[in-house]
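Engineer: A single structure is presented below for examination.
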Amino acid sequence: MRPALSCRLAVACAGAAALAGTTVTPGALLAGPAAAQPPRITALVPVSAQPIGPAEPTERRTHCARPASSSTADPAALPPGHRLLNLPEAWRFSRGAGVRVAVIDTGVTPHARLPRVRDGGDYVHTGDGLSDCDLHGTLVAGIIAGRPSSYDDFAGAAPEAELISIRQSSGAYAPARADRSNSAPSVGAGYGPLSTLARAIVRAVELDADVINISQVACVPGTSALNDDAVVSALDLARRRDVVVVAAAGNLSQYGGCRTQNPVSSPSPAAAWRNAQTLATPARFGRDILTVGAIDAGTGAPAEFSLRGPWLTVAAPGTAAVSLIGTGPRVRLVDALEGDDGPRPLSGTSYSAAYASGVAALVRARYPRLTAPQVIDRIVRTARGGAAAGSDDPDTAVGFGVVDPVAALTAQLPETADLPDPRTRRAVAAPSPESPDRRAALAVAATAALGAAVVATAFALTRRR
């Protein structure tokens with residue numbers, strides 16, 4: 001056990017510009033043309049979970065999100081992402097029992113298939129972590145730990161894990177003051193400053209989370225500073241308290257800072273950092289956390305909306321997502337949200353991170369003696385189709401490959417000490433039985449990661465749904 005700690009979205013709304021959050025202490029790690037080396041997590045400033053609440057008065061500005069069905073697939077069937085990852089086979093070895101996953105997001109609304117959700121606090125308004133106007137956090141939570149049902153084939157990646165919900169961002173809320181500057185990085189459209197993201201991470205550590213899922217990102221141009229010292233320090237606390245942190249890579253968006261795709265390839269990792277056109281936090285700390293990019297759940301190819309970068313650790317399905325929405329005993333499967341132009345299918349690195357957090361929970365349950373770096377190391381070593389053979393440099397689209405839950409749970413790997421960078425020692429896991437369709441999808445991921453160019457088109461919202 002770890003020692004005790006002492007011490008977004010407006011309703012699928014294209015057109016919602018990212019409102020500012022409060023800036024963190026100046027002097028953050030600069031990243032851009034001058035940053036040729038990847039940043040590492042370290043303690044830079046004092047951090048605390050207090051006060052639990054927004055950094056300033058907030059008010060709701062929009063209607064809450066509404067679930068929908070895309071009518072393009074049978075939501076009761078096993079989702080494409082589940083098939084690609086072969087989750088039913090993984091559940092033979094682990095279901096995540098006893099593992100606590102903190103979801104730092106828009107809140108989580110409990111229901112019959114998300115019954116074990118602990119309130120971790122509200123940094124958006126005056127409610128609690130069990131309020132979710134955006135539905136984003138509830139959808140993410142369902143992919144992580146939704147319970148199975150006899151009426152459909154859906155279950156979360158770690159269906160017996162426990163959840164802690166911390167509401168830290170919302171696209172439906174904004175600062176109550178009309179004169180707010182909009183220059184500071186914020187996680188998504190609406191309200192979600194980096195200062196409260198740091199506090200939320202500390203709060204998750206205080207509540208004994210084993211895994212922290214952060215399906216959100218703040219972006220700035222590559223020539224700018226992120227001013228994320230408080231976030232870095234909170235991540236350092238999580239690392240020292242043996243918590244696995246999983247973060248979304250981010251999605252290209254016509255709003256906010258995630259507008260420009262990073263280069264497909266660079267002659268060296270140093271060049272990749274120098275040439276980065278867009279920087280993202282906490283994603284850029286992929287040497288110390290799991291930063292997750294998105295692949296197409298059907299083909300295995302890197303998703304065009306997924307922000308590339310030399311900091312990516314792994315990838316997971318981020319399209320055709322399916323999850324659960326409900327109140328009390330009334331629960332429905334959802335694969336889209338209502339938008340101004342009709343249903344919008346669920347897609348984005350948010351859901352990729354949710355899959356990876358579920359896999360981390362499976363590994364922690366099966367191997368309870370492994371430290372957080374060792375859990376990350378096992379997931380990285382057993383990933384498929386990423387870095388070129390013989391290379392320790394991650395691919396900018398999928399990192400070291402697509403997560404492979406079965407291999408992560410069954411591969412015979414040496415018991416290693418905590419590794420300062422788990423990505424520097426990779427092992428090829430023995431292949432597990434795979435369907436032809438799944439083998440083909442993973443092969444596409446490998447070839448596309450090495451050779452396909454991504455066209456950076458305009459996509460709505462930082463968290464693409």
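Positions of Cβ are set from backbone N, Cα and C atoms, glycine also.
This is the feature table in TrEMBL:
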type     : residues : note
SIGNAL   : 1-20     : signal peptide
REGION   : 52-81    : region 'Disordered'
DOMAIN   : 96-401   : domain 'Peptidase S8/S53'
ACT_SITE : ASP105   : active site, charge relay system
ACT_SITE : HIS136   : active site, charge relay system
ACT_SITE : SER350   : active site, charge relay system
REGION   : 415-437  : region 'Disordered'
TRANSMEM : 440-461  : transmembrane segment
Engineer: Helix, strand or coil by DSSP: which one applies to ASP105 (active site, charge relay system)?
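Structural biologist: Assignment for ASP105 (active site, charge relay system) reads strand.
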Engineer: Along the domain 'Peptidase S8/S53' (96-401), what average pLDDT does this model show?
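Structural biologist: It averages 93.
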Engineer: Give me the DSSP three-state residue breakdown of the region 'Disordered' (52-81), ordered helix, strand, coil.
Structural biologist: 2 helix, 5 strand, 23 coil
Engineer: Roughly how many Å lie between the Cα atoms of SER350 (active site, charge relay system) and HIS136 (active site, charge relay system), rounded to a whole value?
Structural biologist: 9
Engineer: Measure from the CA atom of HIS136 (active site, charge relay system) to the CA atom of ASP105 (active site, charge relay system) and give the result in Å, rounded to a whole number.
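Structural biologist: Here the two Cα atoms lie 7 Å apart.
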Engineer: Please give me the CB contact count at 10 A for SER350 (active site, charge relay system), counting all chains in the structure.
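Structural biologist: Looking across every protein chain shown, the total is 34.
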Engineer: Need the DSSP three-state call for HIS136 (active site, charge relay system) to compare against my parser.
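Structural biologist: DSSP call for HIS136 (active site, charge relay system): helix.
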Engineer: Provide the number of Cβ atoms within 10 Å of the Cβ of ASP105 (active site, charge relay system), excluding the reference atom itself.
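Structural biologist: So the number of other Cβ atoms within 10 Å of ASP105 (active site, charge relay system) is 33.
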Engineer: What number of additional C-beta atoms lies within 10 angstroms of the C-beta atom of HIS136 (active site, charge relay system)?
Structural biologist: 33
